[in-house]
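A short write-up of the structure that comes next.
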Amino acid sequence: MSSEVKSRWSGSGSQKSGTARKPTMLEMAENAASRHYEPVPLPLQRSNSPDSSTDKNPESRAADSRAEVIINPDIPPKAIALPLSRYRGRNPFFSKVNIQGRTYNFLERPTGWKCFIYHFTVFLIVLVCLIFSVMSTIEQYHYFANRALVWMEIVLVVFFGTEYIVRLWSAGCRSKYVGFWGRLRFARKPISIIDLIVVVASVIVLCVGSNGQVFATSAIRGIRFLQILRMLHVDRQGGTWRLLGSVVFIHRQELITTLYIGFLGLIFSSYFVYLAEKDAVDDSGSQQFGSYADALWWGVVTVTTIGYGDKVPQTWIGRTIASCFSVFAISFFALPAGILGSGFALKVQQKQRQKHFNRQIPAAASLIQTSWRCHAAENHESATWKMYVRQPTKFYVASPSPKTKKSVGKRKKLKTDKDNGLNSEKSLNVPNITYDHVVDKDDRKFENSNIDGYDSSVKKSLGILDVNSGALSRANSYADDLDFIEGEPVLAPITHVSQLRESHRVTVKVIRRMQYFVAKKKFQQARKPYDVRDVIEQYSQGHLNLMVRIKELQRRLDQSLGKPTMFLSVSEKSQDRGKNTIGARLNRVEEKFVHMDQKLNTITDMLHHLVAHQQGHPHPQTQPQAQGTVVQAVASTHSSLPSYEQLTVRRKDQDNQPDL
C-alpha cells in the first residue's frame, strides 16, 4: 500500500513539475490512505487462491463494481456533550427563550438551594436596612445610622430597580405576559405594585434628603416608612397569605360565631360596668368611667387579657359585674386563637398526607406498567417484543463521482431510529438481545458484515479508496469492540422480531414477572400509613363502613325474607300477612298445607265409609246415622268438594228391586 501511495504521489508530482506546486489539501485527503475504511470484495468475486486478490492491479480493481466497506471501530463514536438545536448550529441552552425562562423561574418560582441562598440574602439585607432605620430614630445612634443608611439606600435602590426591570423582562417567557400589554398585566400584580412603590419611595427619599441625611423632614420620614414594605418582597408568591386565607375560609363559620358572641359580651359587660361605675370617684377625686367610651376601653383591655390597670372598678357591684362578664367574654375571645391553631395543624397534616399520596403515584404507575407488560408478554404480537430489538446503525457514503473534488465532499451520515435507536435506549431502559453465530476463521471478515441483514457497511468504490483489505470488524458498540479485542465470541444484535428465540421470550417473561413483583412490593410499602393515628383512623373508618354495610344487608334481608315468625306476636303476624315478603309467603303456604291436610283426612274418612257400606250390610238404624255423619262431614268441607250423592254408589239389587 505504501508503494502505491508513493507512486501516486510521484505521478502527481511529475505532472505538475513545471509549476512546482504543492499538493492541495483536497488531493492529500483524496490520496491519503484511510484507516477507517477497508474494502471487502463481493461474494461472487471471492476466490480460494490466496494470490487472487494480490494479482489485480489498481486499474482492474477500479473497474470492478462497488465493494462494501466496514467502519473500523478503532475510534468509537462520541456523543455530543451539549444538545444542538435541530434548526440552528448552536446550543439551545443559551437561547433567549431558555435564559428568559430560567431567569423567571429563579426569581418568581424559587426552587433549590441556589434560589434559597439568593432570596435569603435579600431578606437579610432588607432586615439590616430596617434595623438601621430603627436606629436612626435613636438620638445616640442618629449620626452613625444616617451615614450608613445613605449608602445602603443607594445600593438597595439600584439593586431593587435592576431586579424589577429583570423581572419585567423575564416575564415574557409566559404567554400571558408577552408584549407590551402582557408586561403591563405583570406590572399590575399586587407584589409588582409594591416593588414599584418601594423603588419610587426610595428614590424620592434619596433625592429630597439634604446634607447626606436620609430623614431631613417630617414628610420624608413619612415616605420612609414605605420601606417597611420591602419585607413583603420576600414572599413573592404570597404562599403565607394564601395559607392563612385558606385556614380562615375553612373555619369561617366558627370564627364568625365566636367573634359575634364575644363582641356581644364586650358590649353588655362595658354597658353594665358603666352603669355601676359612672358616679364612683377614686382616691384622686376623678371618675374613671365618666363615659361609655371609657367603659368600652376597659372592656377591650380586660377581655383581651391585656390588663393595663389604668381603669379599675371602684364599687363592689361593678367588680361583681366585671368578674362575671370577664369569665364569659374572655373564653369566647380566646377561641379564635385555638381555632386558627387547629386549622394550621390540620393544614400541615393535610400537606403531609398529600406528600404521602404523591409518593404512591409513581409506584402505582410502575405497578400498572409492569402488570400490563406481564399480560402483553403472553400474546404473540410483534409490538410486544419490538422494544427488545435493536435497529442497525447504518453509515452511508455518497456514490462515487468521476470528479475528484466532489469525492472529497462525501461524508458518512449516522442514521438511527427514534424509537429503537441509541438515544431511546436510555429512556426505555431495555437491554438489547444478542445471539451467537458460528463462522469460520477465513470467512469471519465477510460474515460479520452480513449477519441476518445487519447492514453496517459503507459502499464505496475500490478505485477511490485504493487500499489493501485488512482485518475487518463490526462497528456495533464500544463494548463489542472490547469483547472482540479480548478474543471473546462476537454477539450480533437482534434486528428483527423473528430472530427472537423461545429462550429469549422466556427470559423476557421471567424478567417482567420479577419487575412486577418488585413494583408490587414498592407499591405496598408506599401504601403503608406513616402515623399511628392514621392507622387508628383507618381501622375506625373501616369498622364504621362494615357496620353500615351489615345494617344495609339486614334491612334488605328483612325486606325480602321478612322477620322470623318466632319473634312476632299474633298481631304482627296478621299485619305481616299482607306483605309480599318470603316469610309471609311461607306462612301462607303453611296454612294452605294445614287446610289441605284436613281436607285429605275428611276425604279419607268418607272413602272408608263408602267402602264399608258397599262390602257389608250395616244395620238400618245405623245407616241413617252414618249417612248423617257423612253429610255433616261433607257440609263441613269446602264447597268445591263433591257432595254425598256424587260419592254414593247405588247397589245393583237396589236398582232391580221394584219400588213399593
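Each residue, glycine too, has its Cβ placed from N, Cα and C.
The following features are taken from Swiss-Prot:
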type     : residues : note
TOPO_DOM : 1-113    : topological domain 'Cytoplasmic'
TRANSMEM : 114-135  : transmembrane segment
TOPO_DOM : 136-146  : topological domain 'Extracellular'
TRANSMEM : 147-169  : transmembrane segment
TOPO_DOM : 170-185  : topological domain 'Cytoplasmic'
TRANSMEM : 186-211  : transmembrane segment
TOPO_DOM : 212-219  : topological domain 'Extracellular'
TRANSMEM : 220-235  : transmembrane segment
TOPO_DOM : 236-253  : topological domain 'Cytoplasmic'
TRANSMEM : 254-276  : transmembrane segment
TOPO_DOM : 277-292  : topological domain 'Extracellular'
TRANSMEM : 316-341  : transmembrane segment
TOPO_DOM : 342-660  : topological domain 'Cytoplasmic'
COILED   : 579-615  : coiled coil
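According to DSSP, the secondary structure content of the topological domain 'Cytoplasmic' (236-253) in residues is 14 helix, 0 strand, 4 coil. Residues 270-271, 298, 311-315, 318 of the same chain sit 6 or more residues outside the topological domain 'Extracellular' (277-292) yet have a Cβ under 8 Å from a Cβ within it. Sequence-distant contacts of the topological domain 'Cytoplasmic' (236-253) (same chain, six or more residues past either end, CB-CB distance under 8 Å): 107-110, 190-191, 339-340, 342-344, 347.
If you look at the topological domain 'Cytoplasmic' (170-185), the same-chain residues 6 or more away from its ends with a CB under 8 A from one of its CBs are 97, 100-101, 103-104, 107-108.
Residue counts of the topological domain 'Cytoplasmic' (170-185) by helix, strand and coil are 14 helix, 0 strand, 2 coil (DSSP-based).
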